[in-house]
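What follows is a single structure, written as structure tokens, with notes after it.
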Amino acid sequence: METKRDIEKFIDEIKYGRMTRRKFARAMASVGLAVAIMPTGRTRALADDSVPTVFTWSGYDAPEMHGEFDKKYGKAPNFSIWGDEEEAESKMRSGFHPEMVMPCSYKVNKWNDLGFLRPIDTARLEHWPEIIPALDNVPDTVIGGKRMWVPAWWGLTSVTFRTDLAPEYVPADKHTWGILWDEKYKGRLSMIDSLIDGVMAAAIYSGAKDPFNMTDAEVAKLKELMIKQRPLLRFYTNDNTGWQQALASGELVAADSWNDTILNLSKQGIPSMFMIPKEGPMTWTCGIAMTAWVKPEMENMVYDLVNAYLSVDTGIYWVNTFGMGHSNKNVYSHLSADELTKRGLTPGDIDAYIKAGHFQATIKNEPVLQAMYEEVKAGI
Amino acid sequence: MVSASETLPSHAMPPLPAGQRLRAWLYRNEAVRGYLLLSPTLLVMVGLMVLPLLGMLAMSFFTQKYVTIDYSFTLDNYWTIFEPSSTPAYFLGIPFYLHKPIYLLLLFKSILISLASTAAVVLLAYPMAYFLAFRVTKHKMAWLILITVPFWTSYLLRVFAWKIILGYNGVINSGLVSLGIIDKPLEFLLYNPFAVIITLAHAWAAVAILPIYVSLEKIDRSLLEAATDLGDSRLERFLRITLPLSLPGTIAASLLVFIPTVGDYITPTLVGGTSGIMIGNVVQSLFSKGNNAPLAAAVSVVSMMTITIMVCIFLWSVGRSRMTRREI
């Protein structure tokens with residue numbers, strides 16, 4: 001026990017005043033240096049350079065999500081989790097270079113312009129022929145004839161409402177975004193706090209021809225509608241647990257939300273419904289992109305990883321756990337009709353179901369809309 | 001000042017080795033020694049405060065061009081904030097004649113919310129500090145530690161706790177409902193500026209208690225006795241002795257609460273709802289979703305300058321009133 005003796009000697013020296021200032025400073029400096037170096041040493045030991053690093057949403061790192069990859073290589077990829085895509089963007093701008101990212105379709109254009117992405121050769125993806133045809137050609141993801149991104153999950157953005165509190169909206173032909181403007185439910189409605197899921201939902205309701213590429217007149221009309229809506233809302237929120245709890249407690253009657261909301265509400269036995277509004281719901285799809293920083297020797301591995309995320313096994317786990325759709329069409333035959341309806345998905349023709357919605361695309365006049373949205377939120 | 005080496009003829013001293021000469025120079029030069037002693041703190045301050053602030057100031061003169069930044073000097077961002085317009089936007093009946101009123105209007109609103117929280121904090125903290133300083137005689141340390149207990153949990157959790165207290169099915173609502181006082185939960189408790197003020201006031205209370213306590217504790221008790229001997233009532237004694245002497249701590253507490261709360265963004269995000277938005281929320285969204293870091297930097301610079309000016313005016317007026325009082 002050499003160290004123990006050293007420490008005892010050190011303590012004795014302090015106790016009996018034999019420690020000189022210089023000696024003490026030296027000991028303190030070495031402790032300080034050790035503490036300062038410790039974190040760098042540890043991360044190096046943890047991060048395995050031989051597997052790709054995936055930068056993605058939390059939950060997407062579950063072992064069930066990339067089982068095929070783990071089986072083939074005997075180990076899991078590295079993960080880094082982002083809070084949202086904006087945060088991810090600034091992190092990558094300032095020098096974080098993962099091999100794989102999982103943005104939603106509307107982000108692909110910008111991330112490509114930022115030089116983050118590289119094209120994917122779908123011929124090298126075993127599961128590519130199993131992709132739902134409606135997701136094959138998502139707007140703004142094939143750029144200059146090159147596929148920059150592959151779809152992996154999809155879902156709908158629409159209204160979830162309490163059938164017991166707003167019974168007049170229950171019949172299928174009464175389903176409308178308009179419930180979010182219903183004066184009767186003032187203070188008990190909520191919108192998602194984002195351009196893509198919130199403002200675009202309002203744009204669909206406003207009747208804009210292409211919500212993602214609006215004319216000035218359409219923007220003016222949209223603004224008026226949103227100003228009208230603000231006093232009716234309880235909150236604008238990004239927190240899906242928040243709106244789920246609020247719906248569950250009856251604080252909210254209806255909420256702009258994702259289709260998975262209904263799964264959690266039905267688990268608690270709360271009478272609720274996910275609308276397919278007559279104006280059309282919004283369809284979103286998120287997926288996988290390879291980054292420009294993939295080293296040639298790692299390319300095969302990254303393709304295997306993309307492939308693993310598109311597999312049927314991953315899809316079944318995904319739909320069961322998260323309640324949203326997966327892009328592999330063979331997933332749905334493994335799930336009962338009841339389980340699918342419970343998640344706001346359809347047991348019928350998935351392809352037609354997806355096509356019925358407005359596909360989220362890159363918002364053309366984004367800065368103008370963002371500025372407008374901030375003004376509306378601030379009450380101007 | 002004449003340094004030691006100049007007073008001695010140089011040929012009298014044998015040339016010293018370089019290391020010793022450096023050491024001798026270090027020992028003689030007081031300023032250098034002072035800076036060396038400061039250097040760890042100084043390095044941290046320069047590296048983590050001054051440089052980022054300068055970076056932000058520089059950023060506010062650039063322009064965002066989609067994914068790149070145009071580094072040519074421009075005042076456009078400031079013009080965006082201050083550009084006048086003939087049609088006003090109203091806030092609390094006050095007209096803002098601005099083309100883009102959102103920034104200054106929200107800054108004004110943030111300052112009001114922050115002032116209200118500061119007032120609430122000081123009014124709550126003062127009696128507690130007073131009690132600690134004058135009434136508590138035993139186990140003072142335990143009391144002080146108890147006051148810092150809220151600081152043992154994270155700020156975020158304290159805000160969340162208020163969400164639970166004020167919420168629709170929260171502590172207050174379910175309590176009132178089960179007592180039969182109300183039959184439907186009150187909706188006005190949460191998601192408005194008052195929820196923000198309450199949350200801020202609670203979260204910052206401990207910061208205010210300690211400086212006020214210290215200044216009260218320092219008051220010479222014989223002054224109070226003298227005031228009583230000379231016929232002051234309790235109230236007069238408080239107004240003439242205790243309050244003025246505890247003013248430095250109270251002012252420090254107000255500043256400690258006011259300055260950081262103006263720019264707070266997580267509290268309004270969580271409990272502010274549609275009407276509780278503050279300037280920090282706009283800066284945050286400009287930086288991230290708005291993809292306009294230069295404008296966000298300009299908004300930050302403007303709000304920092306405004307706060308600085310306000311604090312300076314406040315301190316100046318306090319100093320002035322004290323000086324005039326002394327002249328009388």
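Cβ coordinates are placed from backbone N, Cα and C, and glycine is handled just like the others.
Pulled from TrEMBL:
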TRANSMEM  B:35-58  transmembrane segment
TRANSMEM  B:78-98  transmembrane segment
DOMAIN    B:107-314  domain 'ABC transmembrane type-1'
TRANSMEM  B:110-129  transmembrane segment
TRANSMEM  B:141-157  transmembrane segment
TRANSMEM  B:194-216  transmembrane segment
TRANSMEM  B:237-259  transmembrane segment
TRANSMEM  B:295-318  transmembrane segment
Between the transmembrane segment (B:237-259) and the stretches B:35-58, B:78-98, B:110-129, B:141-157, B:295-318, work out which stretch tops the count of Cβ pairs under 8 Å.
B:110-129
Contact ranking winner - B:78-98, B:110-129, B:141-157 against the transmembrane segment (B:194-216), Cβ under 8 Å:
B:110-129
Between the transmembrane segment (B:78-98) and the stretches B:35-58, B:110-129, B:141-157, B:295-318, work out which stretch tops the count of Cβ pairs under 8 Å.
B:295-318
I need to check the long-range neighbours of the transmembrane segment (B:141-157): which residues 6 or more away from its ends have a CB within less than 8 Å of a CB in the stretch?
128, 132, 202-203, 205-206, 209-210, 213, 266
